[in-house]
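Participant: First the structure, which I've put down as structure tokens, then a few questions once you've had a look.
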Amino acid sequence: MKRLYLVRHAQSEYNEKGIFQGRLDSDLTPLGFVQARLLAREFLKKKVDIIYSSPQRRAYKTALTISDMLGTQLVVDERLREMSFGEYEGKHFWSMLEAHKDVFLNWLSNPVKHPLPTQESMEEFEKRVRSFLEDVKSSHYQNMLIVAHGGTLHAIVCLLTGIGLENLWNIHMDNAGITEIHMEGEKSTLVYLNKLCHTRQLT
């Protein structure tokens with residue numbers, strides 16, 4: 001059995017400001033660095049054979065903090081980048097929702113049927129995420145930690161559990177949230193979603 005730990009990056013500067021990020025590359029906030037250290041402490045309790053990270057700073061610095069504390073190999077994989085939102089990147093989410101309400105509500109309800117006009121195509125997005133998952137399935141590692149972004153990690157959950165990318169935004173993961181999936185052959189089981197108990201001291 002393979003055990004996958006999916007971790008959404010710690011809080012970034014654009015998260016704090018409510019800005020749509022996608023491929024933009026904002027750094028962690030001071031709170032984000034604290035969250036990353038709390039994640040690292042949490043994973044000291046678990047067996048982790050390898051860490052995979054998106055190359056984007058908010059994910060990479062989260063992963064690097066964990067890797068440094070665990071002494072575990074960190075591998076950067078381009079396929080874990082966040083999906084591109086085109087011309088919507090760098091804009092405030094709520095102002096866009098107000099200006100383009102129907103477009104955004106349709107996209108949130110079913111991004112396959114109603115993609116954003118300028119985003120990375122769902123076909124391209126699915127192809128790169130599936131490519132990564134095929135490598136995960138064939139890997140000799142049994143306990144893998146994957147640090148990436150909301151859209152990318154939601155896609156991994158959708159594809160492994162078979163619920164389809166039309167449910168991409170029906171999943172919620174907070175900054176520094178942990179999700180665990182077990183893989184046995186072609187069967188995947190969602191053990192828990194968006195675990196946050198390691199960050200309780202921040203509330």
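Cβ coordinates come from backbone N, Cα and C, glycine included.
Taken from Swiss-Prot, the feature active site, tele-phosphohistidine intermediate covers HIS9. If you look up Swiss-Prot, you'll see HIS149 marked as active site. Swiss-Prot lists ARG58 with the feature site 'Important for activity', giving similarity to another entry as the kind of evidence.
Neighbours and distances for these, please.
Facilitator: In the three-state DSSP classification, HIS9 (active site, tele-phosphohistidine intermediate) falls within coil. Take the CB of HIS9 (active site, tele-phosphohistidine intermediate) and look out to 10 A: across all protein chains shown you find 32 other CB atoms.
A 10 Å cutoff on Cβ-Cβ distances gives HIS149 (active site) a total of 23 other Cβ atoms nearby, all chains included.
Annotation note: ARG58 (site 'Important for activity') sits in a helical segment as assigned by DSSP.
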Participant: Using a 10 Å radius around its CB, how many other CB atoms surround ARG58 (site 'Important for activity')?
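Facilitator: Counting Cβ neighbours of ARG58 (site 'Important for activity') within 10 Å gives 30.
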Participant: Determine, to the nearest whole angstrom, how far the Cα atom of HIS149 (active site) is from the Cα atom of HIS9 (active site, tele-phosphohistidine intermediate).
Facilitator: 6
